[in-house]
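Undergrad: Questions regarding the structure given below will be posed in turn.
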Amino acid sequence: MALHLVDHPLIRHKVGLLRQHDISTSHFRTLANEITRLLTYEATKDFETEKKIIKGWAGKVEVDCIKGKKVTVVPILRAGLGMLDGVYDMIPGAKASVVGFYRNEETLEPVQYYVKLAKNIQERMALILDPMLATGGTLNATIKLLKEAGCKSIRGLFLCAAPEGINRILTEHPDVDIYTAAVDEKLNDVGYIIPGLGDAGDKIFGTK
Ligand code: URA
């Protein structure tokens, strides 16, 4: 449906810290989850609430609760795992659907090697997690997989996105919403985002 650049001073500040070349693994992980909480806040802004009467400290009180919204959070292995706790902090009841792809070096197409979807996925809103939206190849494959499983409502959360990937997804999946903390300049010739964050998986897992 749309691109949502989540533009907030806290997010801009935290993305700036993420870009530091010598950032430690623990600081990168902390920031990735902090930014994800803020992205989740934004991506759930239109959730409906309903009134409920509960017993409060001073008697009956009317409160708001999220109305029957079921969510599945979809981390794309492996880097998407670095954003998972940020969503759980905000939506503790979210069920996870984990997907993994590797790139066929001849065709350059993503090949699925792992998938375990939440039950009743067709009734859930999917929140896909990947720190980097680069070419959009893996995201495209994940969206197709979720749609084939019957998922009707799909949103993606990213720390950093390239115009090439954004345009591809908005063209091929105009019904999907993209929430990103930054839109960067371009991809380099090996598909890394410039200025970007480098290899987000390596930074999250300490494997650089
Ligand atoms: N994946 C990454 O980790 N970084 C990029 O810049 C692009 C894809």
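Glycine is no exception: its Cβ is also placed from the backbone N, Cα and C atoms.
Residues annotated as 5-phospho-alpha-D-ribose 1-diphosphate binding site in TrEMBL: R78, R103, D130, P131, M132, L133, A134, T135, G136, G137, T138, D199. Residues annotated as uracil binding site in TrEMBL: I193, G198, D199, A200. According to TrEMBL, the feature domain 'Phosphoribosyltransferase' maps to 6-207.
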Undergrad: Cα-Cα, whole number of Å: T138 (5-phospho-alpha-D-ribose 1-diphosphate binding site) versus A200 (uracil binding site)?
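TA: Between the alpha carbons of T138 (5-phospho-alpha-D-ribose 1-diphosphate binding site) and A200 (uracil binding site) there are 15 Å.
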Undergrad: Hey, for the uracil site built from I193, G198, D199, A200, who else sits with CB inside 8 A of the CB center?
TA: P131, M132, C160, Y192, G196, L197, G201, D202, K203
Undergrad: From the binding-site residues R78, D130, M132, G136, pick the residue whose C-alpha lies nearest to the C-alpha of D199 (uracil binding site).
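TA: Closest by Cα: M132.
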Undergrad: Record lists R78, R103, D130, P131, M132, L133, A134, T135, G136, G137, T138, D199 as binding 5-phospho-alpha-D-ribose 1-diphosphate; longest Cα-Cα distance in Å?
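TA: Output for 5-phospho-alpha-D-ribose 1-diphosphate binders R78, R103, D130, P131, M132, L133, A134, T135, G136, G137, T138, D199: max Cα distance 17 Å.
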Undergrad: Of the binding-site residues R78, D130, G136, T138, which ones put their CB under 6 Å from ligand 1?
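TA: With ligand 1 as the reference and 6 Å as the Cβ limit, the list is empty: none.
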Undergrad: I'd like to know which of these binding-site residues, G136, G198, is least surrounded, judged by other CB atoms within 10 A.
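TA: Relative to the other binding-site residues in G136, G198, G198 has the fewest Cβ atoms within 10 Å.
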Undergrad: To the nearest whole angstrom, what is the C-alpha distance linking A134 (5-phospho-alpha-D-ribose 1-diphosphate binding site) and I193 (uracil binding site)?
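TA: Per the Cα atoms, A134 (5-phospho-alpha-D-ribose 1-diphosphate binding site) and I193 (uracil binding site) stand 6 Å apart.
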Undergrad: Just name the winner among D130, D199 (the binding-site residues) by count of other CB atoms within 10 A of its CB.
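TA: For the binding-site residues D130, D199, the Cβ with the most other Cβ atoms within 10 Å is D130.
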